[in-house]
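What follows is a set of notes on a single structure, which appears directly below.
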Amino acid sequence: MDGAARRGVLAALLACGLLLLGAAATPTPPPAGSSPQDTCTSCGFRRPEEPGKVDGDFLEAVKRHILSRLQMRDRPNITHAVPKAAMVTALRKLHAGKVREDGRVEIPSLDGQASAGPPAHDPVSEIISFAETDDLASSRVRLYFFISNEGNQNLFVVQASLWLYLKLLPYVLEKGSRRKVRVKVYFQDPDTSNKWNVVEKKVDLKRSGWHTFPMTEAIQALFERGERRLNLDVQCEGCEEYSVLPIYVDPGEESHRPFLVVQARLADNKHRIRKRGLECDGRTNLCCRQQFYIDFRLIGWNDWIIAPSGYYGNYCEGSCPAYLAGVPGSASSFHTAVVNQYRMRGLNPGTVNSCCIPTKLSTMSMLYFDDEYNIVKRDVPNMIVEECGCA
């Protein structure tokens, strides 16, 4: 590599670093016969001579970006699905959405676009974990849950609850009397035989139904120890006497399988920089936002992403004249993190222009399976480009 080529590469790396730090690049007039999109590695969406090949690269970049934002190395290997009845029941009970006649889960706020209203400053992840069991006794059962650790992040548990279904069997009661039982939930230390009471609750039963038991402190303690498996001993005093059947892990009662719901909050928050931008409509060549929709079914990801059904991987394109330069932008975006990576391969980095980059990003809510078949609802920040500007 000669000196000129080496200087060109170093200039490109320096320019890329400035963009990722959100710094404003000094505008440089483009060479004759070229457009700003030809000379800036982060400006525009350059239509190449082989659109099919680049479309494939683009989709692979989208996949890598989504996995990165979910803090996953690879997509989950879904070899056996969580029983549909159990999943549907959990989602319905949590009012997370509804199930259509074709079996698809429909959640109004998970349509692949940003939700209305101000962005959440404290994104909350919701994890639904279904119970497994080691022992099937009539009045005492040991349940265990594998809980996603959300990419080994430090999580603060906002709320956690165990959902347990109590079924009433035929029983003759005196007039005016009710079935009253006491449910005790114990945390079992996996390394010792020690256990301690997590929650104790009196339940006054009129009919079969779901009951919740607070588990916030137990889950927080589990996360602080860096563990993922939660072992619980469940006892029901009075259940045999009053013909009350707690439903645990029964193949004939999959819709009533116990589940654990954990709402956890990430500590780090970042402020977003906002600026009103243009929409690309084919009538302007200035910096604007171009919408781009990816259907998860077409890329084979609908088996592990429950909702939304697709992703608006919007990007920024267009020219940035000198009078538009200097507008601050954000580098933590789909545009700079994904599109630049594969676009740089065919461009000459010898010159750097003011570039069209995202200036407003929004949160995307996702409902998906992790590697342990937990259902995770997560609000992922900085996923969708809302507005673009020059920097």
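Each Cβ is built from the backbone N, Cα and C atoms, and glycine gets one as well.
Taken from Swiss-Prot as is:
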SIGNAL    1-25  signal peptide
REGION    27-47  region 'Disordered'
CARBOHYD  ASN77  N-linked glycosylation site
DISULFID  CYS280-CYS288  disulfide bond
DISULFID  CYS287-CYS356  disulfide bond
DISULFID  CYS316-CYS388  disulfide bond
DISULFID  CYS320-CYS390  disulfide bond
- Message: Fewest other C-beta atoms within 10 angstroms of its own C-beta: which of the disulfide-bonded residues CYS287, CYS288, CYS316, CYS388, CYS390 fits that?
- Response: CYS288
- In three-state DSSP terms, the structure that CYS288 (disulfide bond) belongs to: strand
- Note on the structure: Smallest number of other CB atoms within 10 Å: among the disulfide-bonded residues CYS320, CYS356, that is CYS320
- Cβ contacts within 10 Å for ASN77 (N-linked glycosylation site), all chains included, total 7
- One should report the C-alpha separation between CYS316 (disulfide bond) and CYS288 (disulfide bond), rounded to whole angstrom, as 6
- Query: With every protein chain in view, how many other Cβ atoms are within 10 Å of the Cβ of CYS280 (disulfide bond)?
  - Reply: 21
- Message: Could you check which of the recorded positions ASN77, CYS356, CYS388, CYS390 is the closest Cα neighbour of CYS280 (disulfide bond)?
- Response: CYS388
- Whole-number Å only: compute the distance from the Cα of CYS388 (disulfide bond) to the Cα of CYS288 (disulfide bond). 6
- Query: If you measure CYS320 (disulfide bond) to the residue listed as 'N-linked glycosylation site' at Cα, how many Å is it?
  - Reply: 44
- Task: In whole Å, note down how far the CA of CYS390 (disulfide bond) lies from the CA of CYS356 (disulfide bond).
- Result: 5
- Rounding to whole Å, the Cα atoms of CYS288 (disulfide bond) and CYS390 (disulfide bond) are apart by 9
